[in-house]
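**Student:** Take this structure, written in structure tokens, and hold onto it; I'll ask about it next.
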């Protein structure tokens, strides 16, 4: 039985951890995850999905604010694990920790060397990629730069957003890890170096990148909305206030960028730089998210054709 330390934070990571827990070949000695954080409007202190799963299985949990130089690091190394598996952990691993185990592998949600960094799924959708994937790679000090052990891909559909792709890629990553690890640990599967000259990066999105640019073609705006849903959520301005857009559909029509070019009781169509979008799920400032029908029957009733979003 291979003794593991697992490191991860969001639901993507929890799906991978669940697969390891269900496999008798692996003994999870402890789990390392990010500290509990304040979440939502009420700022409720919330455990990470990985912590919830670990506690349900009575596993020791470490939550260092920063792993390097911490007492938690010393405690983790004292466990004497054979290896480390990480998946969307959110911190760099100190070299001393990597050197203390026989192997350390990461489940990364991109087809490396493309989209190294913390937001690969967001960028894949925003950039209009036709596919996304996962890579099982060896951990090194440089971010997501280790040798690749295996990879797998699946298509990105127009109906997909960050949430749906996270769920799909978590399952793909879990299954690929469980398929890959035995051959990797036996030496039958040899890692392949990345072509570092082809590396691209997907840093965490800035607040400025959440704002929609209506001057872009409708397809690009459509991809941007999907690439921000369900977090951090794309927005524009309506009467000077933030107006979040969760979902939209490509539509016919033309007009000035951000201009409302059609309005009915059930639809609101906005022009982009080329083409248009019909908004379907929105969130006005200070309100919950709602279908466009509810918005148009309420505070959106005063909107008129010719009004402009983004101003």
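Here, residue 1 is simply the first one shown, and the rest follow in order.
Just so it is clear, glycine is given a Cβ too, placed from its N, Cα and C backbone atoms.
Worth saying up front: this structure is predicted, and the values here are computed from it rather than measured.
Positions annotated as (6S)-5,6,7,8-tetrahydrofolate binding site by Swiss-Prot: 110, 111, 112, 113.
Locate each feature and note its surroundings.
**Tutor:** Residue 110 ((6S)-5,6,7,8-tetrahydrofolate binding site) falls outside any helix or strand according to DSSP and counts as coil. Annotation for residue 110 ((6S)-5,6,7,8-tetrahydrofolate binding site): spatial neighbours 116, 120, 121, 124, 132, 133, 134, 135, 202, criterion Cβ-Cβ under 8 Å with sequence separation of six or more.
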**Student:** How many other Cβ atoms are found within 10 Å of the Cβ atom of residue 112 ((6S)-5,6,7,8-tetrahydrofolate binding site), counting all protein chains shown?
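**Tutor:** Residue 112 ((6S)-5,6,7,8-tetrahydrofolate binding site): 25 neighbouring Cβ atoms within 10 Å.
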**Student:** Is it possible to get the count of other C-beta atoms within 10 angstroms of the C-beta of residue 111 ((6S)-5,6,7,8-tetrahydrofolate binding site)?
**Tutor:** 19
**Student:** With a radius of 8 angstroms around the mean position of the C-beta atoms of 110, 111, 112, 113, what other residues of the same chain does the (6S)-5,6,7,8-tetrahydrofolate site pick up?
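**Tutor:** Sorted by sequence, the hits are 108, 114, 115, 116, 120, 133, 135, 144, 148, 151, 194.
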**Student:** Going along the chain, which residues six or more apart from residue 113 ((6S)-5,6,7,8-tetrahydrofolate binding site) have their CB under 8 A from its CB?
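**Tutor:** When sequence neighbours closer than 6 are ignored, residue 113 ((6S)-5,6,7,8-tetrahydrofolate binding site) has 145, 194, 195, 196, 198, 199, 200 within Cβ distance under 8 Å.
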